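S.K.: Input: one structure, supplied below.
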(Lines of atoms letter the chains of each structure in order from A and count residues from 1; the text may use other names and numbers.)
(Lines give C-alpha, C1' and ligand atoms only; values in the text may rest on other atoms or scores of the structure.)
Protein backbone atom coordinates (compact mmCIF):
# COMPACT_ATOMS: atom_id res chain seq x y z
CA UNK A 1 0.00 0.00 0.00
CA UNK A 2 2.83 2.41 0.84
CA UNK A 3 4.50 1.65 -2.47
CA UNK A 4 1.21 2.35 -4.29
CA UNK A 5 0.79 5.72 -2.54
CA UNK A 6 4.40 6.62 -3.26
CA UNK A 7 3.85 5.80 -6.94
CA UNK A 8 0.76 8.02 -7.06
CA UNK A 9 2.57 10.91 -5.37
CA UNK A 10 5.53 10.64 -7.75
CA UNK A 11 3.21 10.47 -10.76
CA UNK A 12 1.33 13.55 -9.56
CA UNK A 13 4.59 15.46 -9.10
CA UNK A 14 5.76 14.50 -12.57
CA UNK A 15 2.44 15.51 -14.10
CA UNK A 16 2.43 18.85 -12.29
CA UNK A 17 5.88 19.68 -13.63
CA UNK A 18 4.64 19.05 -17.16
CA UNK A 19 1.79 21.53 -16.68
CA UNK A 20 3.75 24.04 -14.60
CA UNK A 21 4.00 27.66 -15.61
CA UNK A 22 6.23 28.05 -18.61
CA UNK A 23 7.24 31.64 -19.38
CA UNK A 24 9.79 32.24 -22.07
CA UNK A 25 11.05 35.06 -24.22
CA UNK A 26 10.12 34.85 -27.89
CA UNK A 27 10.74 37.02 -30.92
CA UNK A 28 8.16 39.55 -32.10
CA UNK A 29 7.62 37.43 -35.22
CA UNK A 30 6.30 34.55 -33.09
CA UNK A 31 3.33 36.60 -31.83
CA UNK A 32 -0.11 35.88 -33.29
CA UNK A 33 -0.76 37.99 -36.39
CA UNK A 34 -3.47 40.10 -34.69
CA UNK A 35 -1.06 41.04 -31.88
CA UNK A 36 1.69 42.04 -34.31
CA UNK A 37 -0.76 44.20 -36.27
CA UNK A 38 -2.05 45.86 -33.08
CA UNK A 39 1.45 46.74 -31.83
CA UNK A 40 2.56 48.00 -35.24
CA UNK A 41 -0.57 50.14 -35.73
CA UNK A 42 -0.96 51.45 -32.17
CA UNK A 43 2.69 52.06 -31.28
CA UNK A 44 4.44 52.75 -34.61
CA UNK A 45 7.33 54.75 -33.11
CA UNK A 46 7.96 52.53 -30.08
CA UNK A 47 10.74 50.01 -29.78
CA UNK A 48 10.17 46.60 -28.23
CA UNK A 49 12.01 45.78 -25.01
CA UNK A 50 10.86 42.15 -24.86
CA UNK A 51 8.15 39.71 -25.89
CA UNK A 52 7.14 36.88 -23.59
CA UNK A 53 4.91 33.85 -24.07
CA UNK A 54 3.24 32.61 -20.88
CA UNK A 55 1.87 29.08 -20.85
CA UNK A 56 -0.27 28.18 -17.85
CA UNK A 57 -1.97 25.05 -19.12
CA UNK A 58 -4.40 25.28 -20.87
CA UNK A 59 -4.13 29.07 -21.13
CA UNK A 60 -1.60 30.82 -23.38
CA UNK A 61 -0.89 34.55 -23.07
CA UNK A 62 1.61 36.91 -24.63
CA UNK A 63 3.15 40.01 -23.09
CA UNK A 64 4.90 42.76 -25.04
CA UNK A 65 6.87 45.43 -23.17
CA UNK A 66 7.92 48.53 -25.04
CA UNK A 67 10.99 50.59 -24.18
CA UNK A 68 8.81 53.53 -23.11
CA UNK A 69 7.16 51.47 -20.34
CA UNK A 70 3.98 50.39 -22.13
CA UNK A 71 2.98 46.77 -21.52
CA UNK A 72 0.37 45.01 -23.66
CA UNK A 73 -0.99 41.56 -22.91
CA UNK A 74 -2.70 39.38 -25.51
CA UNK A 75 -4.70 36.17 -25.44
CA UNK A 76 -3.80 33.13 -27.55
CA UNK A 77 -5.55 34.61 -30.62
CA UNK A 78 -3.71 37.92 -30.39
CA UNK A 79 -6.57 40.01 -28.97
CA UNK A 80 -5.35 42.53 -26.41
CA UNK A 81 -6.52 41.94 -22.85
CA UNK A 82 -4.54 44.58 -20.97
CA UNK A 83 -2.69 47.78 -21.88
CA UNK A 84 -0.74 49.66 -19.22
CA UNK A 85 1.41 52.78 -19.41
CA UNK A 86 3.72 52.86 -16.42
CA UNK A 87 5.36 56.22 -17.07
CA UNK A 88 3.24 58.12 -19.58
CA UNK A 89 -0.43 58.21 -20.38
CA UNK A 90 -2.44 55.75 -22.39
CA UNK A 91 -3.31 57.09 -25.83
CA UNK A 92 -7.06 57.97 -25.72
CA UNK A 93 -7.64 56.33 -29.11
CA UNK A 94 -6.86 52.93 -27.51
CA UNK A 95 -9.87 53.30 -25.19
CA UNK A 96 -13.27 52.40 -26.71
CA UNK A 97 -15.22 55.57 -27.52
CA UNK A 98 -18.12 55.02 -25.08
CA UNK A 99 -15.70 54.37 -22.22
CA UNK A 100 -13.58 57.37 -23.16
CA UNK A 101 -16.65 59.64 -23.32
CA UNK A 102 -18.05 58.42 -19.98
CA UNK A 103 -14.77 58.73 -18.12
CA UNK A 104 -13.91 62.15 -19.53
CA UNK A 105 -17.37 63.49 -18.68
CA UNK A 106 -16.81 62.50 -15.03
CA UNK A 107 -13.07 63.24 -14.79
CA UNK A 108 -12.23 65.69 -17.61
CA UNK A 109 -8.71 66.52 -16.41
CA UNK A 110 -7.63 62.97 -15.62
CA UNK A 111 -5.49 60.79 -17.91
CA UNK A 112 -5.74 57.11 -18.76
CA UNK A 113 -3.17 54.75 -17.22
CA UNK A 114 -4.47 51.23 -17.85
CA UNK A 115 -7.32 49.41 -19.56
CA UNK A 116 -8.18 45.74 -19.16
CA UNK A 117 -10.67 43.74 -21.18
CA UNK A 118 -12.25 40.53 -19.92
CA UNK A 119 -15.31 38.37 -20.41
CA UNK A 120 -17.44 40.55 -18.13
CA UNK A 121 -16.34 43.89 -19.53
CA UNK A 122 -13.63 46.52 -19.15
CA UNK A 123 -11.72 48.09 -16.28
CA UNK A 124 -10.16 51.51 -16.71
CA UNK A 125 -7.58 52.96 -14.32
CA UNK A 126 -6.86 56.67 -14.33
CA UNK A 127 -3.65 58.46 -13.29
CA UNK A 128 -5.41 59.81 -10.18
CA UNK A 129 -5.99 56.23 -8.98
CA UNK A 130 -9.70 56.17 -9.83
CA UNK A 131 -10.89 52.84 -11.25
CA UNK A 132 -13.96 52.52 -13.45
CA UNK A 133 -15.66 49.29 -14.46
CA UNK A 134 -17.78 48.91 -17.57
CA UNK A 135 -19.91 45.98 -18.64
CA UNK A 136 -19.44 44.28 -22.00
CA UNK A 137 -21.92 46.74 -23.56
CA UNK A 138 -19.62 49.58 -22.41
CA UNK A 139 -22.00 50.89 -19.73
CA UNK A 140 -20.40 52.31 -16.59
CA UNK A 141 -21.26 50.02 -13.66
CA UNK A 142 -18.83 51.02 -10.89
CA UNK A 143 -16.44 53.77 -9.84
CA UNK A 144 -13.85 53.24 -7.13
CA UNK A 145 -12.13 56.40 -5.92
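In case you wondered, yes, glycine gets a Cβ from its N, Cα and C as well.
Automatic, uncurated: that is what TrEMBL annotation is.
Below are the features listed in TrEMBL for this protein:
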{"type": "SIGNAL", "residues": "1-20", "note": "signal peptide"}
{"type": "DOMAIN", "residues": "24-56", "note": "domain 'Putative beta-lactamase-inhibitor-like PepSY-like'"}
{"type": "DOMAIN", "residues": "61-141", "note": "domain 'Putative beta-lactamase-inhibitor-like PepSY-like'"}
S.K.: Which residues of the same chain, at least 6 past either end of the domain 'Putative beta-lactamase-inhibitor-like PepSY-like' (24-56), have a Cβ under 8 Å from a Cβ in it?
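M.R.: Cβ under 8 Å, 6 or more out: 62-68, 70, 72, 74, 76-80, 91, 94.
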S.K.: Could you tell me the mean pLDDT the prediction assigns to the domain 'Putative beta-lactamase-inhibitor-like PepSY-like' (61-141)?
M.R.: 96
